[in-house]
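Novice: Okay, here's the structure, questions in a sec.
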């Protein structure tokens, strides 16, 4: 055995023998490969388990927290302010309370004024109905107030270099709204605002949209009254059936988000080419003076109240087009398919009607042409029969003495034809027909169409009535009359 396989493998634990050195080298190479890549093969199984599949990727994202919504920096402040308003304002939670949106402004609410250098104040309570805050007699370039009933944007931040107006609608609190105005310091000069106001629109999903409102006020002689009239807060209770009252703030917040989305999709963006933020129908920024207030602001005609007037005409057109698109998008696919099939059926019926009319016209034309063709064929048949009869008569009178005499005389002129006609008329009309037929066949001279028609009719009658004795009489009669004409 050892003599047959002298080459022994030197690997530990392997006592195989081979007949030649080549087999041993191949075997050793296998040992080397196993020793070198054995652990790597075991690790490859673990790597395969760590393949980043979509499920594992989503799981890792959830563990890291990428799918969590980012907390808004303003959300805590707004939540605190709304909770304070809910605590301080008594709510009527009786079973007979129904959701009501008051469209009429009855009593004033609180307007807070602070120095421009002071930090942004938190919203205060709006339950003091008779409270008035005196303001310093300072010139203010812009003074605007927003009706909360028509404002559909929950968080709006309006800032400028000289004054800032913060408009806030507390979304969790459906019965409170606060208007805060900051007046500039009295020792600063009033400078007209050259550029537009930067407006920061804060959306409920945590995003901010920068927009701009043009400052069209150029004169600075704006008088601020001694006491700013206060406006009673308008309750923003959503009129949703099945919800008795504003006890749960979460549905109110979702309702506000839905209304904001509807407003953004229904209208064009809130500020385009100098338009101010609009609500559903009457959400326009008004001047601080109202007709029912004794004190008013004296502003020029280029106030911010008149800037939305010109784009108001284009709003219905955009609303109409967006309404059509929205109706088209909201249609049921089954309804779309039904309308599509109905239009197809109507088009197919119209096409079939047109094709039917066209086929009927073609059939009528074919019938007319076939009738005309039948008439022409019958006429051709009659003419052929007549030609055959004339040929038979011609062959019958080929050896007639009148024909031979006419060949001798010649009938060189048409006058001689007429004279022969006059001479032959008293004897018999048959002679006239025979003379004309013989002249036309022997000499090839064409006569008038009238004489041809007469000859044709006479020959037809002769074909019916011709007998041998009659032909002899007809031949003998002109023989005596033809001699004077020849002489």
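Note that Cβ sites are derived from N, Cα and C of the backbone, with glycine treated the same way.
Okay, so Swiss-Prot annotates it like this:
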type     : residues : note
ZN_FING  : 7-31     : zinc finger
MOD_RES  : 34       : phosphothreonine
MOD_RES  : 51       : phosphothreonine
MOD_RES  : 53       : phosphothreonine
MOD_RES  : 55       : phosphothreonine
MOD_RES  : 98       : phosphothreonine
REGION   : 107-130  : region 'Disordered'
REGION   : 241-355  : region 'Disordered'
COMPBIAS : 264-275  : compositional bias 'Polar residues'
REGION   : 278-281  : region 'Essential for its histone acetyltransferase activity'
COMPBIAS : 300-316  : compositional bias 'Low complexity'
COMPBIAS : 328-345  : compositional bias 'Basic and acidic residues'
DOMAIN   : 334-397  : domain 'bZIP'
REGION   : 336-356  : region 'Basic motif'
MOD_RES  : 339      : N6-acetyllysine
MOD_RES  : 356      : N6-acetyllysine
REGION   : 362-390  : region 'Leucine-zipper'
REGION   : 407-487  : region 'Disordered'
COMPBIAS : 425-436  : compositional bias 'Polar residues'
COMPBIAS : 437-449  : compositional bias 'Low complexity'
COMPBIAS : 457-470  : compositional bias 'Polar residues'
COMPBIAS : 478-487  : compositional bias 'Polar residues'
Novice: Taking the Cα atoms as reference points, how far is residue 51 (phosphothreonine) from residue 339 (N6-acetyllysine) in Å?
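Specialist: Answer for this pair: 50 Å between alpha carbons.
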Novice: Helix, strand or coil: which one is residue 53 (phosphothreonine) in, per DSSP?
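Specialist: Looking at the DSSP assignment, residue 53 (phosphothreonine) belongs to neither helix nor strand, so coil.
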Novice: So for residue 356 (N6-acetyllysine), how many other CB atoms are inside 10 Å of its CB?
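Specialist: By my count, 10.
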Novice: What's the CA to CA span in angstrom from residue 55 (phosphothreonine) over to residue 339 (N6-acetyllysine)?
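Specialist: One finds 42 Å between the Cα atoms of these residues.
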Novice: Could you work out which of the modified residues (55, 339) has its C-beta surrounded by the smallest number of other C-beta atoms within 10 A?
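Specialist: Candidates: the modified residues 55, 339. Fewest Cβ atoms within 10 Å: 55.
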Novice: Where residue 356 (N6-acetyllysine) and residue 339 (N6-acetyllysine) are concerned, what is their Cα separation in Å, rounded?
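Specialist: So the Cα of residue 339 (N6-acetyllysine) lies 26 Å away from that of residue 356 (N6-acetyllysine).
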Novice: In the domain 'bZIP' (334-397), how many residues does DSSP assign to helix, to strand and to coil?
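Specialist: Split by secondary structure, the domain 'bZIP' (334-397) comes out as 63 helix, 0 strand, 1 coil.
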Novice: List the Cα distance (Å, whole number) between residue 339 (N6-acetyllysine) and residue 53 (phosphothreonine).
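Specialist: It is 44 Å, counting Cα to Cα.
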